[in-house]
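A short write-up of the structure that comes next.
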Amino acid sequence: MPYSAGEKFLHFDDDELWTIKDTTQLRDYTDLHYVAIHEIGHVLGLDHSSDQNSIMAPYYQDPLDKFGNYQDPKLGEDDIKKIQELYGEFNMHKIL
């Protein structure tokens with residue numbers, strides 16, 4: 001049975017300086033794409049992870065590599081395992 005804890009909302013504080021995948025601003029701004037994926041994880045029922053490679057790690061991870069290139073956020077093995085524990089494994093036949 002899917003996780004359910006009543007209504008959930010995403011709120012992005014307008015006091016934060018947000019940007020989306022803009023490598024010219026990311027040193028001073030927070031990447032909305034990364035934070036949105038993390039917060040959607042909470043809405044789906046995921047807690048913070050102790051795995052530093054997890055999108056659900058309890059701290060913001062800079063999406064720029066050491067050369068200043070944007071790295072799209074990716075779900076880690078821990079993220080996938082925990083969401084499957086809540087919702088089951090993906091099954092294309094159930095969708096079709």
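Numbering starts at 1 and runs along the chain as it is shown here.
Backbone N, Cα and C atoms are what each Cβ position is placed from, and that goes for glycine too.
Curation plays no part in TrEMBL annotations; they are all automatic predictions.
TrEMBL has this to say about the protein:
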- Glu39: active site (ACT_SITE)
- His11: Zn(2+) 1 binding site (BINDING)
- Asp13, Glu16: Ca(2+) 3 binding site (BINDING)
- Asp14, Glu16: Ca(2+) 1 binding site (BINDING)
- His38, His42, His48, Met56: Zn(2+) 2 binding site (BINDING)
- 9-88: domain 'Peptidase M10 metallopeptidase' (DOMAIN)
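Those residues of the chain, other than His38, His42, His48, Met56, with a C-beta within 8 angstroms of the mean position of the Zn(2+) 2 site C-beta atoms are Glu39, Gly41, Leu46, Asp47, Ser49, Ser54, Ile55, Ala57, Pro58. Applying an 8 A CB threshold to same-chain residues 6+ apart, the list for His48 (Zn(2+) 2 binding site) reads Met56, Ala57, Pro58. Residues within less than 8 Å, Cβ to Cβ, of the residue listed as 'active site' and separated from it by at least 6 positions along the same chain comprise Leu10.
Distance from the CA of His38 (Zn(2+) 2 binding site) to the CA of Glu16 (Ca(2+) 3 binding site) is 16 Å. A distance of 12 Å separates the Cα atom of His11 (Zn(2+) 1 binding site) from that of His38 (Zn(2+) 2 binding site). Averaged across the domain 'Peptidase M10 metallopeptidase' (9-88), the predicted model reaches a pLDDT of 90. If you take the C-beta of His42 (Zn(2+) 2 binding site) and look for same-chain residues 6 or more apart in sequence within under 8 angstroms, you find Lys8, Met56. Non-local neighbourhood of His38 (Zn(2+) 2 binding site): Ile55, Met56, Pro73, each in the same chain, at least six residues away, with C-beta under 8 Å from its C-beta.
Following the DSSP three-state reduction, the secondary structure of Glu16 (Ca(2+) 3 binding site) is coil.
Within 10 Å of the C-beta of His11 (Zn(2+) 1 binding site) we count 6 further C-beta atoms, all protein chains included.
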